[in-house]
Amino acid sequence: MVCARHQPGGLCLLLLLLCQFMEDRSAQAGNCWLRQAKNGRCQVLYKTELSKEECCSTGRLSTSWTEEDVNDNTLFKWMIFNGGAPNCIPCKETCENVDCGPGKKCRMNKKNKPRCVCAPDCSNITWKGPVCGLDGKTYRNECALLKARCKEQPELEVQYQGKCKKTCRDVFCPGSSTCVVDQTNNAYCVTCNRICPEPSSSEQYLCGNDGVTYSSACHLRKATCLLGRSIGLAYEGKCIKAKSCEDIQCGGGKKCLWDSKVGRGRCSLCDELCPDSKSDEPVCASDNATYASECAMKEAACSSGVLLEVKHSGSCNSISEETEEEEEEEDQDYSFPISSILEW
């Protein structure tokens, strides 16, 4: 651009700067997106006014780019009404320089597109047998557990070797963790020596099934571990002197069941549907009635609003000496959901 002699110097400089700005803007024009959907359009806007080189420099497989430099209204219409931005250009066409993160590898799929798939490194695993995960499920080996963690459960860990057990017998917990059995007679390994931070808000308080208020889920887990048997969560918040379930508010779709034995309420899940299975073993409940299964017992409790617990397996009329010993132990046990120990 050549400025005419009669043009003021300030105006000429302003025009030069404007041209430079437009050149820079055109070089950067484009929008960066976090993924390309199955419909071929770009979705989840990351940043506007980026060049393709800048957008694709992250190495993320799903990052995509559109060349059009459009206004905010058009972007809004694309995202809300059109299923994403058209003319979507994926940053990666092959697996070259793709960073999938730990435990994943890039592979070309049947449509010849790069995809990150779970491929954990199992070369250093010495135990080849089944393992019990923190979710209470048995996995055929540790490698299968690592794949499950990669797919949908980032917090999943091996808690002990072997199949998940119903008692703490033959359970060898690693390190300083201790075995505790929950109300469904599933054995879990928990750690006793962890330091629990003081709660930052009153919303962290929990009322245990023992009628004691705990500062947080961590404090409840620690008390459970030190006690050596389950305490369990009655409801969220500080314990109150409730006269009935009407005084207790349950969240998360739970219903209050009244424990007449100790005069306290407990929030329990009541949305479980009992399957039609002939393999279920009957149970004798705390009301001295026999139910077709533990699930049927819970269903009856939710229907009546009165807490029922398993006294022993089998009919109430068939108590063996071994069952009586188990009953004495269970009478001292407070039931609790596994979330109160592991997932809080």
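Quick reminder: no glycine exception, Cβ is built from N, Cα and C everywhere.
Here is what Swiss-Prot says about this protein:
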| type | residues | note |
| --- | --- | --- |
| COMPBIAS | 321-333 | compositional bias 'Acidic residues' |
| DISULFID | CYS42-CYS88 | disulfide bond |
| DISULFID | CYS56-CYS91 | disulfide bond |
| DISULFID | CYS100-CYS116 | disulfide bond |
| DISULFID | CYS118-CYS150 | disulfide bond |
| DISULFID | CYS122-CYS143 | disulfide bond |
| DISULFID | CYS168-CYS179 | disulfide bond |
| DISULFID | CYS192-CYS225 | disulfide bond |
| DISULFID | CYS196-CYS218 | disulfide bond |
| DISULFID | CYS245-CYS256 | disulfide bond |
| DISULFID | CYS250-CYS267 | disulfide bond |
| DISULFID | CYS274-CYS295 | disulfide bond |
| DISULFID | CYS284-CYS316 | disulfide bond |
| DOMAIN | 30-103 | domain 'TB' |
| DOMAIN | 112-166 | domain 'Kazal-like 1' |
| DOMAIN | 167-190 | domain 'Follistatin-like 2' |
| DOMAIN | 186-241 | domain 'Kazal-like 2' |
| DOMAIN | 244-268 | domain 'Follistatin-like 3' |
| DOMAIN | 264-318 | domain 'Kazal-like 3' |
| CARBOHYD | ASN124 | N-linked glycosylation site |
| CARBOHYD | ASN288 | N-linked glycosylation site |
The number of other Cβ atoms within 10 Å of the Cβ of CYS116 (disulfide bond), counted over all protein chains shown, is 19
Beyond the flanks of the domain 'Follistatin-like 3' (244-268) by at least 6 residues, Cβ under 8 Å:
209, 211, 232-236, 286, 298, 301-302, 305-307
CB neighbours of CYS122 (disulfide bond) within 10 A?
13
Minimal Cβ count within 10 Å, across the glycosylation sites ASN124, ASN288, points to ASN124
Of the recorded positions CYS88, CYS91, ASN124, CYS143, CYS274, the one whose Cα sits nearest to the Cα of CYS116 (disulfide bond) is CYS91
Whole-number Å only: compute the distance from the Cα of CYS150 (disulfide bond) to the Cα of CYS143 (disulfide bond).
11
Given the disulfide-bonded residues CYS118, CYS143, CYS179, which one's Cα is the least distant from that of CYS295 (disulfide bond)?
CYS179
Rank aside, I only need the closest one: which of the recorded positions CYS42, CYS118, ASN124, CYS316 has its C-alpha nearest to that of CYS267 (disulfide bond)?
CYS316
How long is the line from the C-alpha of CYS245 (disulfide bond) to the C-alpha of CYS118 (disulfide bond), rounded to the nearest angstrom?
47
Taking only the residues in the domain 'Kazal-like 3' (264-318), give me the average pLDDT of this model.
86
Residues of the domain 'Kazal-like 2' (186-241) by DSSP state, where helix covers H, G and I
14 helix, 14 strand, 28 coil
Using Cα positions only, nearest of the recorded positions to CYS56 (disulfide bond) (CYS88, CYS143, ASN288)
CYS88
